[in-house]
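Feature annotations, courtesy of TrEMBL:
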| type | residues | note |
| --- | --- | --- |
| TRANSMEM | B:12-37 | transmembrane segment |
| TRANSMEM | B:49-67 | transmembrane segment |
| TRANSMEM | B:74-95 | transmembrane segment |
| TRANSMEM | B:101-122 | transmembrane segment |
| TRANSMEM | B:134-153 | transmembrane segment |
| TRANSMEM | B:173-195 | transmembrane segment |
| TRANSMEM | B:228-246 | transmembrane segment |
| TRANSMEM | B:258-275 | transmembrane segment |
| TRANSMEM | B:282-299 | transmembrane segment |
| TRANSMEM | B:305-324 | transmembrane segment |
Amino acid sequence: APAAAQGKKVVIGVSIPSATHGFMGGLNWHAQETLKRLKATYPNLEFVLATAGAVGKQVNDIEDMMATRNIDALVVLPFESEPLTSPVKSVKDAGKWVTVVDRGLSQAGIEDLYVAGDNTAFGRVAGEYFRANLKPGAKIVVLRGIPTTLDNERVDAFTAAVKGSGIEILDMQHGNWNRDKAFSVMQDYLSKHQQIDAVWAADDDMAIGVLEAISQAGRQKEMWVVGGAGMKEIVKRIMNKDPQLPVDVTYPPALISAALEITALRFVSDTPVYGRFIIGSTLITPDNAAQFFFPDSPF
Amino acid sequence: MSDAAARPLNGFRLPSLSALGPLLALILLVVLGALLNDNFLSSGNITNVLARSAFIGMIAVGMTFVITSGGLDLSVGSMAAFIAGVMILAMNALLPSMGVGVPLVLAGMVIALGVGLLAGLTNGLLVTRAGIEPFIVTLGTMGIFRSLVTWLADGGTISLDFAVRQFYRPVYYSGLFGIAWPILVFAAVAIAGQVAMRHTRFGRYCEAIGSNDKVALYSAVNVDRIRLLSYVLLGLLVGLATIMYVPRLGSASGSTGMLWELEAIAAVIIGGTALKGGYGRVWGTVVGVLILSLIDNILNLADLVSPYLNGTIQGGIIVLAVVLQRGKSSA
Amino acid sequence: MSDAAARPLNGFRLPSLSALGPLLALILLVVLGALLNDNFLSSGNITNVLARSAFIGMIAVGMTFVITSGGLDLSVGSMAAFIAGVMILAMNALLPSMGVGVPLVLAGMVIALGVGLLAGLTNGLLVTRAGIEPFIVTLGTMGIFRSLVTWLADGGTISLDFAVRQFYRPVYYSGLFGIAWPILVFAAVAIAGQVAMRHTRFGRYCEAIGSNDKVALYSAVNVDRIRLLSYVLLGLLVGLATIMYVPRLGSASGSTGMLWELEAIAAVIIGGTALKGGYGRVWGTVVGVLILSLIDNILNLADLVSPYLNGTIQGGIIVLAVVLQRGKSSA
Amino acid sequence: MNTAAPALELVDVRKSYGPIEILHGIDFALHAGEVHALIGENGAGKSTIMKILGGFVPPTSGEVRLDGKAAPYTSGAEAEAAGVVVIHQEFNLAADLTVSENIWLGREIGGLFLDHKAMRRGTQALLDELDCSIRPQTRIRDLPVSDRQMVEIAKALARKARVLIMDEPSAVLTHRELEVLFRQIERLRSQNVALLYTSHRLEEVTRLADRVTVLRDGAVVRRAARGELTEDGMATAMIGRDLQDIYPPKRHHAGEVALEVRGFSVPPLVQDISFALRRGEVLGISGLIGSGRTELAEGLVGLRPASGEILRNGRPVTIRSVRDSASHGLAYLTEDRKERGLLLDKTLRENLTLANLSRFGTPFLSDTREDAALTKAIADFDIRAPRRDMRVGNLSGGNQQKLLLAKTLLSDPEILIIDEPTRGIDVGTKSQIYAFIDVLAAEGRSVIVISSDMPEILGLSDRVLVMRQGRLAGELSGERVTETAIVRLVMGTSEDVGEEPAHV
Ligand SMILES: Nc1ncnc2c1ncn2[C@@H]1O[C@H](COP(=O)(O)OP(=O)(O)OP(=O)(O)O)[C@@H](O)[C@H]1O
Ligand SMILES: Nc1ncnc2c1ncn2[C@@H]1O[C@H](COP(=O)(O)OP(=O)(O)OP(=O)(O)O)[C@@H](O)[C@H]1O
Ligand SMILES: [Mg+2]
Ligand SMILES: [Mg+2]
């Protein structure tokens, strides 16, 4: 029988990266909201939340949860996959429940539960949209995130998807998932390239900066922009059929909520919850945008 | 030799080569940029680069005074984010009662300057009254401001009301006589800073304190007050920078202004101000800021082997720019 | 007055209150931790805190010498990432020929120390030979090392072969007499550092150079060599820290060691070493490192209002720790 | 006296800084077992010659010869290894290090690890030899200038020199330390060390020197053996004109009380000082080094926390900072020109006006007015600067002191407290400065002169206060101002042994 059902306190550790950019901010918000809700619903559950700004700090957090907070389960969104693999494995080896969110560990079979978005799909869905909506010979520019494995996965999938379509990728620079940086990179793209038909901004925060740079240059009519993740501001504009922002690709920060809820379920009920939950990336279009719009989320 | 005293003054001195170093580096960069890309010298690109430099630029001018008087401020980036956050929240809150219009924008500006002043005052008082090393004080407040804005934003982004933004936008995007506002304001700040450093008591005292605070004390300089003032001035300039920054994207978040402090300090040092204090060169700081912006711009305009190596080239150019400047060892 | 000369020396001086300040702050933090959580003083937690302090700790000990001799090194975090990257790539490359085993790990260690030495030498030569401000040199190399490791990793992560990692792991996780290796190595480095600072010519010369490099030069001290040595020593210690770090995480990427430089410098200054040089206190640095680690640890022990406010508390404690230390103004 | 090859020699040495030649073909020799005095006006080039001899500065042309052969060194450190040791005019001590650490810097005792005990013992022995009560573990930062000079001397003595070059070692020393120094010099002479000595106190030269070389504007103008030149003759050779009595006649008539101090204490040393200062009066304060004169003065102008009453023109005033004291018409000239008086990295103009900037324009400073002030100061105080826009740190020591005087007097104070005003200033300029002080007094201002130079105290003061161990030991005025009376008070010959021991 589940521990919490017998009245025993269960401590669940939650370790996520801190809110350093839009997507993570949204994820932090969803995590905290879900924790509030779960605590109210299940008084026997106790949560320990730690946010880390660097990979080393996250390993420290997990160690601290083990050493001082006697956690029974760990929900972790690894800052980076490789370095978190051994520390999470030692949690597992100590007999704890492990839920891994979003970024998989580099070794299979450690986690009990895996809830993730699909980075490859994220890039591919966007790429396919470009392929379908641009003529051969069209020129596009790409803004990448912070150099990381997941950024590589997304970009590789995107390039693979547009490959052979005759679409030319003029430039790919890092915008670091940051509005300001994306703004200046886009400004420079606009100075450099006379013809740009579309922009893959790869992230909604960057899309905001990109749109601003385009409107400053007065070239709104020439190109459209696709971001990613499903920020409410962007979804709203898609709902309103903004010609500059035809679609968006989801990568919902709410996936942390799913992970937390399923993990909690494991301790309060007899539901078997092992397995992998992959939350695919779907295309937000004006038609379906309403279902992706969360007006209360800060993201 | 005794006649030296009677010799006429030579009031005008040619700037030495070392003073011209950063300028030389700047010119080289401009030439490089023009060679790499035809649009580099287009008015659009020049406006972009200058306007972008404005935020860091204004902050760096203030930082010049702080560093010249022997201080340091690591908190400016977080401070900018914090001010932007407070300003936007305040404007959104005032919107229902004041409506979109000039008064609301002015209120926002006053709030930005006020918060900047208070933030600078906090740093300054901790440095002068509590006598803590500026490095530690501002490392502490850096964390504090940053986390406060993240908390205000609930981890996300604080966005200015859409209508207000539309109204406020021209403060960044439009200008006077075809020159964008941020550029004009930056130019005004730079000129005022240069004049203040060279031709007012405040500047002279900053240099004296940085050169030897004991001598300044013995010379009836109110050392603590000048130090405090330098932090307050910097706070105000961060506030001013924020006023120009907010209309650009209309938002603030925990990642706003990240690493601006490093960029501002680097600009100051590249410009020839001594990190240990005692010698400040505001126009050098302006050159330093432009060098840093240009490096980014050129890296974006040029097609490099790999964008991963941007940092290498950036770092290399920074070091080179300074090598040009210092002929001889005595760092 | 002349009889004062005949008075016996009191060779032993009680450390002043200001010297005890950081220690006091450390003790307060320990008490606070113990009150907040029963497991705080468990050997497991103590081991964790000490072991994770070890990386920054070793680097900070090296940084103490650099700062004491009037220098600065902003590149240590990126340098650690770079060394880790090169070390892992080299070990992976050597694996087919050498196989998993002690020789491979030793080869990796030698490479780490060698790269650290070269990196430190680069910084040191640019500072001493080219005569560029340490701030600029190391800001430049910071960007360079960081982008090189990103490039080596192709934007992703460089991972140590799994089998090698398993073999190498005990270097971080196991120990001697129940004390983890990183703790032992850190303790050794700290003791050696303290002895070097207080009881060898090198330490004495670092202080003399930081205090007044001209005097040192006049006194037959090879100023440039000592300065160079301080950077090389720091590079070696970064290499050593990396040797202990790689078995912990088994990988390196563009974000490895991010902001370590700030933490290391903060630890040095919190410990009572003067940022302007001339006075170094290695044991103080160790206390500073522990204070910084403990703050993080304690934040994890308690449930705070909002994790967004961590930075506020962290910043507050850092400033407070130093307020305890400096009674009077004279920063 | 000595026919062997000179121990150390300059042959046709020239030195230029930029386009300006400072030394014009100097020939100069030091012999073992002799004290050679080098004298000359401020800026004549004495320190430069000494730096060239000591390997710190290369000559532009010409040669340095050690034992008749080209000197084998190119740096001060190498020269020291060859036995040529310099006591610099400006202190050459690291302020953050202790006395002992400074003395052994560069030649520490011990193998891999330093032998602290041996070094401390060695330091103590050296200090004992100098009859000096400084503790080896004191940081230089915490020592007054006079003690720093003794540390410099101890450091040089520790070097076991065969040629010892002393650049104005006596400028900051009092009578008692001076005697100690002379004993050491005589001991070294008898040990066949070659000594070079310079001082602006010509009586010292007469007493010590076996040979005298007079320098003017970078050229040798006179060489003499012991006894060939009187003090007047030296002065005449130096400044190229005759010099009458350098002290102005005492003709001050004191007016009403301008400043009164009651029960004034500056912890920890200075206790319970009371005195009155009248308009038009020059008040000398004498005492041993460490008797607390500087502390008293710094307490009065608000540089140190102090207690007690200060009355200005009969009204009580509070002075907590230099600004307060300036607003009450008080100005203080520090004894420590390098650390507290001048910004060595800045130009003359910036230094001159620093304490009175508000007079040069609000809000914008007027370069023209500042330049005019500098021109006037250069003329009034005979400041010899090769270039007006040079760093003050490159001025000769005496010219720095003159600039400091000019800076202090720029505020046009009612009450002027000057601490060691003529330290390192040549006789010619000294008389000018004394005349200046005289004019100030004649204008009805009040001057307090703190000096370790006995003739100066005697020559200038209308009244003399003597301090001992932080207290007033006595007051002398009129006819009673004599050297013996002062020395008796300074030394405390009344021998009240019950008093607290000397502070340290
Ligand atoms: N580094 C330098 N750069 C320019 N001028 C210098 C430098 N060093 C010395 N001088 C000039 O050389 C001249 C001689 O200086 P020096 O210090 O030798 O004089 P001095 O005879 O020792 O005078 P004093 O009695 O005042 O100590 C001075 O005019 C001084 O300003
Ligand atoms: N900053 C300081 N820290 C600690 N002790 C000091 C400091 N300054 C001075 N002292 C001590 O106070 C004593 C008095 O110094 P002070 O300079 O007032 O003496 P003085 O009578 O002016 O002698 P002189 O001016 O001839 O050197 C010194 O011997 C010194 O030991
Ligand atoms: Mg001289
Ligand atoms: Mg004195």
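From the backbone N, Cα and C atoms, a Cβ is placed for every residue, glycine too.
Taking pairs at least six residues apart, the transmembrane segment (B:258-275) and the transmembrane segment (B:305-324) share three or more Cβ pairs below 8 Å and count as touching. For the transmembrane segment (B:74-95), same-chain residues at least 6 beyond its ends with a Cβ under 8 Å from one of its own Cβ atoms are 55, 59, 62-63, 104-105, 107-108, 111-112, 115-116, 119-120, 123, 135, 138-139, 141-146, 148-149, 152-153, 158-161, 164, 234-235, 238-239, 241-243, 245-246, 250-262, 264-265.
Of the two recorded stretches, the transmembrane segment (B:282-299) lies close to the transmembrane segment (B:49-67), with three or more CB pairs under 8 Å once pairs fewer than 6 apart in sequence are set aside. A Cβ distance under 8 Å defines the sequence-distant neighbours of the transmembrane segment (B:49-67), meaning residues of its chain 6+ beyond its ends; these are 73, 76, 80, 134, 172, 180, 182-183, 185-186, 189-190, 193, 196-197, 202-203, 206, 210, 230-231, 233-238, 240-242, 244-245, 260, 263-265, 267-269, 271, 273-275, 277, 280-282, 285-286, 288-290, 292-294, 297. Tallying C-beta pairs under 8 angstroms between the transmembrane segment (B:173-195) and each of B:101-122, B:134-153, B:228-246, B:305-324 places B:228-246 first. Remote same-chain partners of the transmembrane segment (B:305-324), defined as residues 6 or more beyond its termini with a Cβ less than 8 Å from a stretch Cβ, comprise 21-22, 24-25, 29, 266, 269-270, 291-292, 295-296, 299.
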